[in-house]
Amino acid sequence: MLVPDAVFVHGDVTTVEFAPASFNAVVAMYALIHIPWEQQRALLERIVAWLRPGGWFLGTMGHRAWTGIDDDGSAGGGHVVEPHGRRRHQPALDHSVWSDRPG
């Protein structure tokens, strides 16, 4: 196993509950892009609350708000249909580090 001491949790990130300061790190790869845009800020605030002081969040985010339909065929010849009507997400174009700590 790549991270032998890690605890992996499989569940619905929009409804799962954890006590504050439960984790050293939270990883959400290709998950948040499937959450409706208007719910993402509150979810990120919850994730921050789950982190211990100095904790890290690693996740993939879209590069802009987008809930339209893209029929250019770049979704592998088909469409991914989201519950809230989004058929395909736009990929992130770069990586960013968000922090409330200076430097």
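Glycine is treated like the rest: Cβ placed from N, Cα and C.
Feature annotation from TrEMBL assigns domain 'Methyltransferase' to 5-55. The region 'Disordered' feature in TrEMBL is assigned to 69-103.
In the domain 'Methyltransferase' (5-55), the DSSP tally of helix, strand and coil residues is 17 helix, 11 strand, 23 coil. Model confidence over the domain 'Methyltransferase' (5-55) stands at 89, taken as the mean pLDDT rounded to a whole number.
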